[in-house]
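Enquirer: Next up is a structure, given as structure tokens.
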Amino acid sequence: MNDLIEDFLHFLIVERGLSANTIKAYERDLRYFVSYMDVAKGLTDPNTLERSDIVGFMAFARQEGKSARSVARYIASLRSFFHYLMHDGKMSHDPMIQIETPKQAQGLPKVLNLDDVEKLLSSSDTSTPLGLRDQAMMEILYATGLRVTELVSLKMDDLHLHMGFIQTIGKGDKERIIPLGKTATTVLEKYLEEARPKLRRPKYRNDFVFLNHHGQGLTRQGFWKILKGIAKESGIEKPITPHTLRHSFATHLLENGADLRSVQELLGHADISTTQIYTHVTKLRLKDVYKQFHPRA
């Protein structure tokens, strides 16, 4: 089975051109399934799999505390894997027939209000190179709605500050161009002029915009650690994740009159239904405002 997984991952890289993060997610899901089947059935040949094995795996995952969202992702990964094996003639039947994807509760994105955004953006110690970097990253995230992977992947050639925009490669290798406001541009220029040269190291000749203290490009995990520190310093009691500023970016645009299609393009969503979730957030926030300020609410 492990050899078949390697073949599948190679197919995803070469034929479908999926991102490294997506490939890792597929691999993680499939390895989890194989580890379960090794214990449950001593699996070596996928042709021995039956529908009951998939049902048993789903039950096992839920017993381990996996969410409905995680189980749904496992099922999607297995469907793709088995479809590949059948198409390649390495599997004679589909054990996923009549397997239903678990229904997921549609959670609304967590959004910061403007006061909390201001606290978060002003909580970095800008007297140090790393603090200037952190402030610039926070400003860029809120100003552009970038995903964290897109942020840490930014290269110097992606910046067009004199023209007021940056470019990025998002999901599905789709390029998009995003305007950059004056505040974010000013903060970013300060970081590039005063802090980044101090973080660069001769042995690491890379052109990533945001560098760690070793002079290397930041990782998503590295950014997550930085964000936790900034969130703690800000005193904001709400949970803050790497996606919080992206959610806030989208919601605040819609609240101030931006049309849904423009927000979809800025976020890089392939399907507008993904963007529509933010309209539900704005409606709930309007309801809260009404209850708070209308005399007969």
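Each residue, glycine too, has its Cβ placed from N, Cα and C.
Okay, so Swiss-Prot annotates it like this:
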type	residues	note
ACT_SITE	Arg147	active site
ACT_SITE	Lys171	active site
ACT_SITE	His243	active site
ACT_SITE	Arg246	active site
ACT_SITE	His269	active site
ACT_SITE	Tyr278	active site, O-(3'-phospho-DNA)-tyrosine intermediate
DOMAIN	1-86	domain 'Core-binding (CB)'
DOMAIN	107-291	domain 'Tyr recombinase'
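Neighbours and distances for these, please.
Expert: Around the Cβ of Arg147 (active site), the same chain contributes Gly170, Lys171, His243, Arg246, Gly268, each under 8 angstroms and 6 or more positions distant in sequence.
Secondary structure from DSSP puts Arg246 (active site) in a helix.
When other Cβ atoms within 10 Å of the Cβ of His269 (active site) are tallied across all protein chains shown, the result is 18. His269 (active site) falls within neither a helix nor a strand when secondary structure is assigned with DSSP, and so counts as coil.
When secondary structure is read from DSSP and collapsed to three states, Tyr278 (active site, O-(3'-phospho-DNA)-tyrosine intermediate) falls in the helix class. Non-local neighbourhood of Tyr278 (active site, O-(3'-phospho-DNA)-tyrosine intermediate): Pro109, His247, Ala250, Thr251, Leu254, Val263, each in the same chain, at least six residues away, with C-beta under 8 Å from its C-beta.
For the domain 'Core-binding (CB)' (1-86), the model gives a mean pLDDT of 87.
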Enquirer: Reported in the order helix, strand, coil, what are the DSSP residue counts of the domain 'Core-binding (CB)' (1-86)?
Expert: 70 helix, 0 strand, 16 coil
Enquirer: Which secondary structure state does DSSP assign to Lys171 (active site), in the simple three-class scheme?
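Expert: For Lys171 (active site) - judged by DSSP and reduced to three states - the answer is helix.
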Enquirer: Report the member of Lys171, His243, Arg246 (the active-site residues) whose C-beta atom has the most other C-beta atoms within 10 angstroms.
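Expert: Per the Cβ count, the most surrounded site is Arg246.
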